[in-house]
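Here is what Swiss-Prot records for this protein:
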type	residues	note
TOPO_DOM	1-16	topological domain 'Extracellular'
CARBOHYD	4	N-linked glycosylation site
CARBOHYD	5	N-linked glycosylation site
TRANSMEM	17-39	transmembrane segment
TOPO_DOM	40-50	topological domain 'Cytoplasmic'
TRANSMEM	51-74	transmembrane segment
TOPO_DOM	75-86	topological domain 'Extracellular'
DISULFID	85-168	disulfide bond
TRANSMEM	87-108	transmembrane segment
TOPO_DOM	109-128	topological domain 'Cytoplasmic'
TRANSMEM	129-150	transmembrane segment
TOPO_DOM	151-179	topological domain 'Extracellular'
TRANSMEM	180-200	transmembrane segment
TOPO_DOM	201-233	topological domain 'Cytoplasmic'
TRANSMEM	234-257	transmembrane segment
TOPO_DOM	258-263	topological domain 'Extracellular'
TRANSMEM	264-286	transmembrane segment
TOPO_DOM	287-320	topological domain 'Cytoplasmic'
LIPID	305	S-palmitoyl cysteine
MOD_RES	307	phosphothreonine
MOD_RES	318	phosphothreonine
MOD_RES	319	phosphothreonine
């Protein structure tokens, strides 16, 4: 009887997990496609920072389209070849690191904007932006795919079983030493600390500029006022990323020391990490005025079935 109850509760946990993953994936895809559409339509948002925001949105769309379906497949523990399971698990990691690298790029860009106000446009050329974006994604793929090049559990599994197939589960193929020391500490925790320091310096610079006697320099005060609001909004995006990803990272860290973690805690940690991908569009809508205005224009246009010409004219009115 007790075994039946355990099986039933495990089944309900799996059904609930899959349902919530599907809902999160749908919201992440729709919300972040809307973010990209907003940047495409609103010319005033085509700045360096928003190129990096689009990069972050692409990573979040990939979470909805690729990561969540693969996470569901991995949770079902389907029987497959070791390297097929490992590749699926690595894909989950690639887009996590794409998000953190995009956030780092955004932080560096905002820092350059307030630190090198006059030289900013000459430093952040179009070519350098694309090079930096390419570097961010290259690092993400290299870090995420590292287990494919040998840092995995194949040798451990070969010692315990002769078959090359297994019930695919993330921890069956990816070692906790990689997850804790390389993926988390080196490529998530350290960048998070660096970004916090960058934002603290940004706020310090802006506060100093605003506290100076800038009588007669209204434009300068207005510039730093806008930068302060934007920095606060983007720091909130960073804070939410940390809030969503640290619980799962802490679970992995604790598990490394052979502490048994309840299955429900693991599921909640995974769901929270994936939920981060649907939060950013909401933050932009609430905190960035131009985003909010363009969202409303798009929603109004969709409701009234407007043509692209009328949509453009409405956008011109909002940007004036």
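Using N, Cα and C of the backbone, Cβ positions are placed for all residues, glycine too.
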* Quick one: do the transmembrane segment (51-74) and the transmembrane segment (264-286) reach 3+ CB pairs under 8 Å, ignoring pairs fewer than 6 apart in sequence? -> yes
* **Paired segments the transmembrane segment (234-257) and the transmembrane segment (87-108) in contact, 3+ CB pairs under 8 A** => yes
* Criterion met for the transmembrane segment (264-286) and the transmembrane segment (17-39) (at least three Cβ pairs under 8 Å) -> yes
